[in-house]
Amino acid sequence: MYQTLLLLHVIAGTGALLSFWTAGLARKGGWLHVRAGRVFFISMCGIGATALPMAVILGLRGQIITATFLFLLLLLTTSACLTGWRSLRLKRDANAYRGGWYRALTAATLLGSLVVLAIGLHLGQVLLIGFSAFGIYRGLCMVRFLRRTLSPHWWLTEHYGSMLGNGVATHIAFLSIGLNRLLPAAWADSAHLLAWFGPLAVMFAARLWLDRRYGERKPLTAAGPTPSSGT
C-alpha cells in the first residue's frame, strides 16, 4: 500500500512542479494560466491526499523524521492552497476572507510549525528545523495580513503570495528528499544548501517583481468588502 501511495505522491508532485512553472510563466489571467492553475490545485490536493496516509504509515513504522516532515508539508500546502483559492472566490469580501477559517488556519500553521521546530531541535534534524522555519515565516505573514489595512487589490497579492509559498514548499520537498537520492553522497552538503536557498531565493525575487508590477498601492479605509470597481 505504501509503495502505491508513494507512486501517486510522486506523480502528483511532478504534476504540481510542471503546472506551477507553466502558470507562473504564462500571461496572468490568460487561458493557459487559468488551466495550469487548476491542474496545480488538483495536483496539490493529490499531494495532500497521499501525504497524510504516508505520514501515518511511516509514523507507525517508527520513521518519525519523515513522518513529521510529511505532516508539516501537508499543513503548509493545505494552507497555501486554501488561501490561494479562496482569495479569488472572496476577492470582493475581505471580511469573509479574513474570517474564522483564516484565523484558525493561521493558528494551525504557526502551532504546527513550532511543534515541528521543537522536534527538529530535539532530534538535531536540519531538514525539520529549516522547513519549520519556513512554516513560521508563512504563519507570521498570515498574522500580518490579518492586521494590516488592505488595498482594493489585496486578493491578487494574497493569491500570488500563496502560490509562491506553495511552490517553495513543493520545490524544497523535492530537492531535499529527491535530489539527495539522485546525487552522489559527496555532494550531499551542496545539495542540501541548494534545496533550501535555491527555492527561497527564486521566491523572494519573484515576489519583488510581482509586487512591483501588481502590488498593493492605495489602502482601503476599512477592512470591509472590496469595492467591485476595484476588481
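Even glycines carry a Cβ here, placed using N, Cα and C.
Taken from TrEMBL, the feature transmembrane segment covers 6-26, 38-58, 64-88, 100-121, 127-146, 167-187, 193-210.
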Selection from 6-26, 38-58, 127-146, the stretch that has most Cβ pairs under 8 A to the transmembrane segment (100-121): 127-146
Tertiary contacts of the transmembrane segment (193-210), as residues 6+ beyond its ends and Cβ separation under 8 Å: 24, 130, 134, 157, 160-161, 164-165, 167-168, 171-172, 175-176, 179-180
Chain residues outside the transmembrane segment (38-58) and at least six past its termini with a C-beta under 8 angstroms from it: 1-2, 5-6, 8-9, 11-13, 15-16, 19-20, 22-23, 66-68, 70-71, 73-74, 77-78, 81, 84-85, 163, 166, 170
